[in-house]
Structure formats: C-alpha cells, structure tokens
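Feature annotations, courtesy of TrEMBL:
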type: BINDING; residues: 139-146, 221-225, 285-288; note: GTP binding site
type: DOMAIN; residues: 44-118; note: domain 'Signal recognition particle SRP54 helical bundle'
type: DOMAIN; residues: 131-314; note: domain 'AAA+ ATPase'
type: DOMAIN; residues: 132-333; note: domain 'SRP54-type proteins GTP-binding'
Ligand SMILES: Nc1nc2c(ncn2[C@@H]2O[C@H](COP(=O)(O)OP(=O)(O)O)[C@@H](O)[C@H]2O)c(=O)[nH]1
Ligand SMILES: [Mg+2]
C-alpha cells in the first residue's frame, strides 16, 4: 500500500479549501500591519556567518475573538460540523489569545488538533485467525461498496490471503456483473445468485464453500436500498443470522462504506446504518478531488468508529490505509 502518496496528490480540493481559508483569515488582519522589511543577509556578512537568505516575513494576525469566529465559520464550511469546529477552535485559542500567528503556524496548530481527533480512529481492518474471516460490507447505493470490495480483495490477495466474494446485491443485475469484473481483476472467485434471489441463502452458500476451501477472507457485498429501510434491515439481519449458523462469531467486521462527496450527509448515514447493522468500521471513498474531506473529522469526533481505509480513485490500487497525521496535514494544506 502506498501510504497516502495518492492522498497528498489528490486531496487538493480539501487542502486548498481549508488552507486557503486560513490564509484568508490571517490576511484579513484588521490592523493590516505591513510586513517588516526583510533583513538583508545575502552580502558578505551572510556568507561569512552562514545566515540563511532572508525570506519575506509571513503576514501575522493577533488571535482575538473575531479571528476565532472566522476560524470556526471556516471549519463549519469545510464540513467539520459545528460541535467539532467549536472544540477545535477553543483548543487552538487556549493560552494563545493575543499571540500574533502566521498562516503556517495556524495550519500547524489546526493539523495538530485534527490529528489528535483522528489518531484513535486510524486503525487497519483487524484480522482474526478465524477462517473464513467474514467482512460484511454495507452502505447506500453508489457509496463505493463494490469498488472497495474489489480493491480490498486485490490487496489481501497481494498479501498472500485467499479471498472469496459473495455478490449479495442480488437486486440489480448490473451490480453482480460489476463485482464479477472486480473479481477477475483481483483474481478472486465471486459467488453469485440469480437476480432477485435471497442474498441470505447466497451468503450461506458462500460460507459453506469458503469453509470447505479454507478461504481466509469472505467479503459479502450488499444492496443499499435505503428507500426501503425496513426491507434492507430485514435483509441484513437475515444475512447475519444465516452466517452465524455457520460461525456464531461472524461477521467479524461490518464495514460501512461512505462517500466523502456527500459531506454532512455521511453523518446521517452512520446513524442510520448503525441501527440497521452492527457497524464495526468505516471506509471513506472518493476523497480524491473532493473538498469535503473535513467530514471525516466530524465523523471521528462524533462516533469514534475506526476508519480502516480511504478510497482515492476508481482504480484497483486506489485504496489507502488511513494515517491521521498525513490526513490532517493534507487537509489543512501543509
Ligand atoms: N473518484 C472515486 N470514485 C470512486 C471511489 N470509489 C468508488 N468510486 C466510484 O463510485 C461509483 C459507485 O461505486 P460502486 O462501488 O458501484 O458503489 P456501490 O453502489 O456502493 O456498490 C463508481 O463509479 C465507482 O467507480 C473513489 O474512491 N474515488
Ligand atoms: Mg454495488
């Protein structure tokens, strides 16, 4: 896994948003203090004493209530949510009122606060010795479940694990075909059933085959028809019930896949899916090129669910582990 190289390249939308926001706040210093003239140091003295060439001073702004309010508003705009924005701002303010901060210093402070929120949730998908380890994948239509399963299958294969996929979204024929294509790409078998057939019986068959073949990992795709919440809840509950007949400890992980571009809506989706299934961790997709990565901070702060991975593109290797520090720095534009 290329840790966050892709994120750094692609999180440009988010970083420019918060980064530019912070630049704007500092530049908006009411006193508009002119930057002090740079000290000349390129001459003989500089060369003799090894002084670094002078950089033009960054603008600074004294931290006051007005600046904190601007900071708070900007963070709310960047999808951190009101509660998280308030707390982050208060932490930055503590012991620093009146201090003159540059945009870079403010970014460092903000990155530190965000990293502190994200560090406890940055956890890889836990691996259990159980065979097969069952990963149930849930989320609304279009969130990126099928794509994420394909990417995960490929990474586990590359790590030497045997993998099987059950195409539990039996509602849409196209969904099954899509998963078969991902299965081919990742080199893993995909168990399918007739369109409209019971996903629970498919899950049961997949468990049976995975057990017989000694498969390490069984990933079960599901439908995401939230419009029919009661049906979906029953469908998921039934899948869990039948696989527990085979292994009472399954599913070992229930991954909720969320689309970063939905912004604050991701918070509602977590609330909903926690009622539908025993969600054990999150995957956030489409962080490439979206300006809404801030919602991850709100999610972490509010729910504390592990973030196992992030999607940074549509290709098979576009799934990264989640690293709190890298994410925080990329988000604030450092
Ligand atoms: N840019 C981008 N697109 C993604 C990512 N993950 C999934 N997609 C796209 O989102 C769309 C829906 O994905 P799909 O896996 O079918 O969602 P599902 O309905 O939850 O199974 C597809 O066009 C995917 O290529 C990602 O991390 N980045
Ligand atoms: Mg799908």
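Placement of Cβ uses the backbone N, Cα and C atoms for every residue, glycine included.
Caution: TrEMBL annotation is automatic and unverified by curators.
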Are there residues of the same chain, six or more positions away from residue 142 (GTP binding site), whose CB falls under 8 angstroms from its CB, and which are they?
224, 259
Taking ligand 2 as the reference and 6 angstroms as the Cβ limit (strictly under), which binding-site residues among 145, 222, 225, 287 are close?
145
I'd like to know which of these binding-site residues, 139, 145, 225, 287, is least surrounded, judged by other CB atoms within 10 A.
225
Give the mean pLDDT for the domain 'AAA+ ATPase' (131-314) on the 0 to 100 scale.
93
What are the helix, strand and coil residue counts for the domain 'Signal recognition particle SRP54 helical bundle' (44-118) according to DSSP?
47 helix, 6 strand, 22 coil
Residues satisfying Cβ distance under 8 Å from residue 222 (GTP binding site), sequence separation of at least 6:
136, 137, 138, 145, 168, 169, 199, 235, 236, 239
